């Protein structure tokens, strides 16, 4: 029994007609309380409310009162059986209560003489027979009767309980309509979500009648929801409403052909039942071989019609029925759903009523509602309406006043009926508008739409998945927020036990944080069960039939399948990484693990190293291991490539170090025995083998104290925090422990969990989620923070090395960081054996050649001893990443007669930020460059050049350029910069400017922090866009790219120069080059004529409003414009980072002299190797000169450019005294390890 406010069958609490009497026992208790000391009196008096709670209620006597219920639950246009079923259920409920309220009042039902009685006649009859009495209306049934009765209810101060209308038109706030079921749009929402996310269908069609108001309303709602979910219907079968007229067969067939050509996999059916074309359409689906297997989804009002029409069509065509093809919704549980205690309660009441009552002859047998589930559902609805009415009457303050009764209904009351909760009527859905809508709360106190499927017996069966819920605060589907879903596919290999188990454990972690089955759930997992032989073929088939955004978990040999995005793949055998943009690795690459383990070995004593490797790439793996060991002064004594059936146990011997790569289940036991036999031996395994065989390793080393001790000899490298350590200071681990049972705490389950958390973070701001946009977002975000674990940087850029472009040297599709060496024993003891100190945030790996007289590490260490002297002269030296270029020349505008749209960008106050935050700016600028380049690729634009922190971008399409600029600002706004220091500095710069300029008002310095966070975040970038003809478009033989000359690039650069940080300006020429349709899709503010320096006539300018509500200071017309023709005559931006023409300051001269003195002792090849990292980290462009090697003159120019850039930042810091705000504090020496700057995996 659920005791709630107003709860309890047949009794109420003191706020109603009932009151509590003090029993003799209660009176004795109170007398005893009076005899106690004051201290105990006070204490026990606090318990008085609790004592009262347990006193038996005694209800007021209302035996002389009669409450009339007017039954308008009928409609001559509906099946008689359906009408009878609802009324029979209603009567069964009230009969179970003896037709009495809890206070003894009689409940009397006024029924229509026949179902042909007009609504007006029955209503007048009910009002006439209820003068001076409380009258409640049951129904009406149907949209038209509900619309008709609304005004009549208001005139007579009446309430209609459980009206049924199939239009949202009557579901707005009306205190006279007391609905107990969800609205029609909620059912549509459930059907849309089921088709899109649970069936995962990329092609869903619609069918409706144009002239019908309800159909139009449903169509518009469906289109809105699908758009929000990032989808569009593949086709729409829409015909004019027949209105009783014959529809020409030829017209229907023409529309049918157009509809079928879109290859729909499912159709949402919400055309009106009276439309002849609805039946024609359903039969046509069954007749056409192209659509006979298509899913049909329809709301609850279509259940009878859909099942009958479909089954008749199949019988006429001699086709068999396919279970699961027809899908409908419901507003109450099915009468046969015995999982619900409310349904079991209904069955008891219904059985008793039908056994003892002959009013409903059609339902003489109690099991009738179980055989006909469609009518059984109607009975459940009627019974539930009776229970709600009974509870409402029990909670009314009096049973004679209609106004008082109506007001009592809307006091946020819930009615508990077994496990079904109805209530919270009258809640505010929108406080700002005071818009009140009755809200239905179902199981677990949330609005609920049930999903049903038709089985082979043409019976409705409840679905375990797909039902839609939303919280009590959402009273209407109009207020429910839905988002674009992500459908993830994981493979279950049925013919490989290791892979099958791995998939199950991975999915256990991935699914553990799936949200409850509510409306804002975004991530949905589908499994593909297949054998290894058919894996690739099956995946290609799924690609066409499912809207899969990512393939996850165990992937075997399918990474080369095109047009799929793979996230966190788990190979069954070791593989070296090849950069495929659509493959995103979350764990360390094998080459990185071997590199880190080589570092570990170089710091420990070793008696010899050998390798046992199994897999298709065994020879390549051995070569990579050998290079890693040689790099750190360790030699690989021997290696053995094993076949699939070769046991490793035959080759394990002695106390040396052995790399065992590509394990099978027998190998795990062999490794454990080897370490237990040879206590000084060490075995190194890839982390992927730990993932696959973790349970076997734990079992193999957990047999005795000796075996546990030997587990210290099993070593591997990982980037994970410890998944099993309790009270660990890791937010992700703590979250993992909250969602996953302790018995499942293992690395593979944790990887699945971490993958889902990563996806939740990545898609949080995505409006459309499929394979390509998902990969785009990951590369755009680059560094992704998930709880306390970082992934990245991910980069799909190319790098410039010297004067040539080298593909994939800077590209990075892996996100593991902080790789450390663990032992199995340390893992079991919940501690790290040893941390190598390696922070893997690199693009690749740098190896020494075999036979070299010294290692790479030695070279860098020696160089750093010298370079510390240089850094002493420059307290502002901080590295950043190499400028990358996207030289896809197919995207470059080449025709001189075609207009070119040019974009110039620059970071606002970049020099001041470098001076204030030398430790933050390298990563911030690197993130800036990655986001810009990712968008350049996404919108098929062309990167002309970078100068310092500035970009020059060309586009054939003006609209693509505008879209790029708009999304650029949004990317910066939503990016996790990892600090508020940049924002603090920008506000500080505004304050400083306001002190010097009286007319200047800081736009953001005094902004409320919450408002600021919605409008501003991190780096502020100004953007200028101009469209026009270029005087010259030249292909540069050195860079192999295209450059643009003349007034157009000059105008674009000048436009950018007057903008404020975060502002996008476009000239009138750029704006007018957009089509009328393009201009409708953007929001601009006309700024009028703007006088630009060096331009004779004012230029009409527009501001692209990328972030609504952002305000800017006046345009910076006073900003000095630097027109740099450079060495080749091309135009650059007004960036303050160009060093090609600038003079060397005093600080720069000191830096240049020191560098030249130090480098003079190195050969030319070493000078290039030592200087390149500075150019990369400080974003200094190399001289554009074709040379086979760096000669003395070339090196001197590179040093000069570095000195200009570093000297400028040093001078700015000295002039502004920015050390007070610098994130580096007062330190004058900054040393950053250089070994991870230009590393490459071979």
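Note: Cβ is positioned from N, Cα and C throughout, glycine not excepted.
Since this is a predicted model, take the numbers as computed values, not measurements.
Other C-beta atoms found within 10 angstroms of the C-beta of residue 949 (Mg(2+) binding site) number 27, with every protein chain shown included. The Mg(2+) binding site feature in Swiss-Prot is assigned to 906, 949; the stated evidence is sequence analysis.
Marked as domain 'Guanylate cyclase' by Swiss-Prot on the basis of sequence analysis: 901-1056.
The N-linked glycosylation site feature in Swiss-Prot is assigned to 116 (among others); the stated evidence is sequence analysis. Within 10 Å of the C-beta of residue 116 (N-linked glycosylation site) there are 9 other C-beta atoms, taking all protein chains into account. According to DSSP, residue 116 (N-linked glycosylation site) sits in a coil region rather than a helix or strand.
For the recorded site, residue 289 (N-linked glycosylation site), the DSSP three-state label reads coil. In the shown protein chains, 6 other C-beta atoms lie within 10 A of the C-beta of residue 289 (N-linked glycosylation site). Under the heading N-linked glycosylation site, Swiss-Prot lists 289 (among others), citing sequence analysis as support.
Secondary structure at residue 318 (N-linked glycosylation site), taken from DSSP and collapsed to helix, strand or coil, is coil. Sequence-distant contacts (6 or more apart, same chain, Cβ under 8 Å) of residue 318 (N-linked glycosylation site) do not exist in this structure. Taken from Swiss-Prot, the feature N-linked glycosylation site covers 318 (among others).
Among the features that Swiss-Prot reports, N-linked glycosylation site is placed at 338 (among others). Around the Cβ of residue 338 (N-linked glycosylation site), the same chain contributes 344, 347, each under 8 angstroms and 6 or more positions distant in sequence.
Annotation comment: Swiss-Prot describes 401 (among others) as N-linked glycosylation site, evidence class sequence analysis. All protein chains shown were included, and the count of other CB atoms within 10 Å of the CB of residue 401 (N-linked glycosylation site) stands at 14.
Less than 8 angstroms from the CB of residue 534 (N-linked glycosylation site) sits no same-chain residue that is six or more residues away. DSSP classifies residue 534 (N-linked glycosylation site) as helix under the three-state reduction. The N-linked glycosylation site annotation in Swiss-Prot covers 534 (among others).
Residues or ranges marked as N-linked glycosylation site in Swiss-Prot (evidence: sequence analysis): 563 (among others). Listed in sequence order, 543, 582, 771 are the same-chain residues at least 6 apart in sequence whose CB falls under 8 Å from the CB of residue 563 (N-linked glycosylation site).
A 10 Å cutoff on Cβ-Cβ distances gives residue 603 (N-linked glycosylation site) a total of 11 other Cβ atoms nearby, all chains included. Following the DSSP three-state reduction, the secondary structure of residue 603 (N-linked glycosylation site) is coil. The annotation N-linked glycosylation site is assigned in Swiss-Prot to 603 (among others) on the grounds of sequence analysis.
Residues annotated as N-linked glycosylation site in Swiss-Prot, with sequence analysis given as evidence: 702 (among others). In the three-state DSSP classification, residue 702 (N-linked glycosylation site) falls within coil.
Residue 741 (N-linked glycosylation site) carries neither a helix nor a strand DSSP state and counts as coil. Under the heading N-linked glycosylation site, Swiss-Prot lists 741 (among others).
Residues or ranges marked as N-linked glycosylation site by Swiss-Prot on the basis of sequence analysis: 818 (among others). Secondary structure at residue 818 (N-linked glycosylation site), taken from DSSP and collapsed to helix, strand or coil, is coil.
Annotation source Swiss-Prot lists topological domain 'Cytoplasmic' at 1-39 (among others), citing sequence analysis.
Confidence for the topological domain 'Extracellular' (61-862), expressed as mean pLDDT, is 84. The topological domain 'Extracellular' annotation in Swiss-Prot covers 61-862.
Here Swiss-Prot flags 884-1242 (among others) as topological domain 'Cytoplasmic'.
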*Cβ neighbour count within 10 Å of residue 906 (Mg(2+) binding site)*: 25
*asked:* Which one is it, among the glycosylation sites 289, 401, 603, 741, 818, that lies nearest to residue 116 (N-linked glycosylation site) by Cα separation?
replied: 401
*Reduce the DSSP letter at residue 906 (Mg(2+) binding site) to three states and note it down.*
strand
*Whole-number Å only: compute the distance from the Cα of residue 906 (Mg(2+) binding site) to the Cα of residue 702 (N-linked glycosylation site).*
60
*Count the Cβ atoms, other than its own, that fall within 10 Å of the Cβ of residue 702 (N-linked glycosylation site), considering every protein chain shown.*
12
*Return the member of 603, 702, 741, 949 nearest to residue 289 (N-linked glycosylation site) in space, with distance defined Cα to Cα and candidates limited to these recorded positions.*
741
_Quick check: of the recorded positions listed here (603, 741, 818, 949), which one has the Cα closest to that of residue 401 (N-linked glycosylation site)?_
741
*Where residue 702 (N-linked glycosylation site) and residue 741 (N-linked glycosylation site) are concerned, what is their Cα separation in Å, rounded?*
21
*Just name the winner among 741, 818 (the glycosylation sites) by count of other CB atoms within 10 A of its CB.*
818
